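Read the structure below first, then the notes.
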Amino acid sequence: MNDQPTAAAVIVAAGRGTRAGGGLPKQWRSLGATTVAAHAIAAFRHHPRIGRVVLVLHPDDMGLAAGWLAHPDMMVVEGGATRAASVRSGLQALEADAPFSVLIHDVARPLVPRAVIDRVIEALSTAEGAAPAVPVVDALWVGTEGRVSDTRERAGLWRAQTPQGFRFAAIRDAHALADPDAPDDVAVARAAGVDVSIVEGDERNLKITGPADFARAEAILRAEMDIRMGNGFDVHAFTEGDGVTLCGIEVAHDRALLGHSDADVGMHAVTDAIYGALAEGDIGRHFPPSDPEWKGAASDIFLRHAGKLTQARGYRVGNIDLTLICEAPKIGPHADAMAANLADILGIAPDRVSVKATTSEGLGFPGRKEGIAAMATVTLISE
Ligand SMILES: Nc1ccn([C@@H]2O[C@H](COP(=O)(O)OP(=O)(O)OP(=O)(O)O)[C@@H](O)[C@H]2O)c(=O)n1
Ligand SMILES: C[C@](O)(CO)[C@H](O)COP(=O)(O)O
């Protein structure tokens, strides 16, 4: 499959989640380490074939949009009184620079697997509309006053999921004429004569609707959780100078560190640990020392790249443990600032980063004050 972005996504999140209860609209409630909304958004933002994401929020929630607006690939717009009105608002936001196709997704389906998104996008290369569904497997009854009054044939029946995908112009025109109470975009498209293909859905793509769905979603998340560990080790020798840069913090010293970049041995070890956890080689693979572009480069460039790669692969940094090995300079007074800087670069909480130091008791090259060594361990957790 070609990995070029071909589609935009509209995530409708303007509902109030009344059936879920809980005092807070369901999209803002926590799920795993983050919120329902953050899971749904990440599934699309990190998909290589989705170029832009429009998030449709309730007018009362627009104050929550600031974090999302910081991302150039995201737009946030106000929704309407019904799901269809919210979708229309999302589609309007894309009008000025219309994509080839658009995937419309409920924020209430936070665990949509990447393969479901792939199948919808793939089907849209030949179909005008495509949406995931799972076949009905249970017998179907009609109930009247607590008793079974009739049965229905289940063959040919499907349970509809999202994202529902369409060629942009087709769904924009269909929504312009839509019944405001249409249950979903497939109904809107069909009413306008758009043909919609069914692609294979997934039971994990549940819609959080009632209070019990949170526990189901947490269980799915736990079963899916993938934790990766990586380690990084680096050494830089001392040279003439009056200070060193460690984890991005300038520390006065009677020596400097020698290296092709800024020789930030601590940041290099952390960066290599992240690349290691992703099985992505090391800094040298991504930023060859033979390339003059990286001569004297600030090492946060490398760490930011590793952080972006982590996100793109669907992980977040769980924690970092870094040990610097040197006789001098003294690390203790700077350790908190170093940890805070690493956390800031990676966009994680400072209490997920530990920076500590040890001497080598006068032994070996650190003991002879010939240089500094650093070793780091990181965990990456699937989102
Ligand atoms: N005016 C509306 C109503 C719904 N939605 C979105 O449409 C999706 C499906 O709706 P549903 O699961 O019914 O969510 P809520 O309307 O929030 O739930 P409830 O009906 O329990 O209040 C959700 O992502 C919801 O945020 C929307 O964007 N705008
Ligand atoms: C669009 C949808 O997710 C398809 O299953 C669903 O219809 C939306 O939720 P609602 O509960 O019907 O509003």
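Our numbering is plain: 1 for the first residue shown, then up by one each step along the chain.
Using the three backbone atoms N, Cα and C, a Cβ is placed for every residue, glycine included.
A TrEMBL annotation is a machine prediction, not a hand-curated record.
What TrEMBL says about this protein:
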type    : residues                                                                                                       : note
BINDING : Asp234, Val235, His236, His260, Ser261, Asp282, Ile283, Gly284, Thr358, Thr359, Ser360, Glu361, Phe365, Arg368 : 4-CDP-2-C-methyl-D-erythritol 2-phosphate binding site
BINDING : Asp234, His236, His268                                                                                         : divalent metal cation binding site
DOMAIN  : 227-380                                                                                                        : domain '2-C-methyl-D-erythritol 2,4-cyclodiphosphate synthase'
REGION  : 1-227                                                                                                          : region '2-C-methyl-D-erythritol 4-phosphate cytidylyltransferase'
REGION  : 228-383                                                                                                        : region '2-C-methyl-D-erythritol 2,4-cyclodiphosphate synthase'
SITE    : Arg19                                                                                                          : site 'Transition state stabilizer'
SITE    : Lys26                                                                                                          : site 'Transition state stabilizer'
SITE    : Arg154                                                                                                         : site 'Positions MEP for the nucleophilic attack'
SITE    : Lys207                                                                                                         : site 'Positions MEP for the nucleophilic attack'
SITE    : His260                                                                                                         : site 'Transition state stabilizer'
SITE    : Thr359                                                                                                         : site 'Transition state stabilizer'
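Taking every protein chain shown into account, Ser261, Thr358, Thr359, Ser360 are the recorded positions, and of these the Cβ with the most other Cβ atoms within 10 Å belongs to Ser261. Proximity to ligand 2 at the level of Cβ atoms, with a cut-off under 6 angstroms, picks out none of the binding-site residues Asp234, His236, Ile283, Phe365. Predicted-model confidence for the domain '2-C-methyl-D-erythritol 2,4-cyclodiphosphate synthase' (227-380) is 96, expressed as mean pLDDT. In this record, 4-CDP-2-C-methyl-D-erythritol 2-phosphate is bound by Asp234, Val235, His236, His260, Ser261, Asp282, Ile283, Gly284, Thr358, Thr359, Ser360, Glu361, Phe365, Arg368; the longest C-alpha to C-alpha distance in that set is 31 Å.
A sphere of 10 angstroms centred on the C-beta of Arg154 (site 'Positions MEP for the nucleophilic attack') encloses 12 other C-beta atoms. It is Lys26 that, of the recorded sites Lys26, Lys207, His260, has its Cβ surrounded by the most other Cβ atoms within 10 Å. Not a single one of the recorded positions among Asp234, His236, Ser261, His268, Thr359, Ser360 has a C-beta coming within less than 6 Å of an atom of ligand 1. Checking each of the recorded positions Lys26, Lys207, His260, His268 against Ser360 (4-CDP-2-C-methyl-D-erythritol 2-phosphate binding site) by C-alpha distance, the shortest gap belongs to His268. Looking only at the recorded positions Arg19, His236, His268, the densest Cβ neighbourhood within 10 Å occurs at His268.
In space, Lys26 is the closest of the recorded positions Lys26, Asp234, Thr358, Thr359, Phe365 to Lys207 (site 'Positions MEP for the nucleophilic attack'), judged by Cα positions.
Listed in sequence order, Val265, His268, Ala269, Asp272, Ala373, Ala374 are the same-chain residues at least 6 apart in sequence whose CB falls under 8 Å from the CB of Asp234 (4-CDP-2-C-methyl-D-erythritol 2-phosphate binding site).
In this structure the alpha carbons, written CA, of His236 (4-CDP-2-C-methyl-D-erythritol 2-phosphate binding site) and His260 (site 'Transition state stabilizer') are 10 Å apart.
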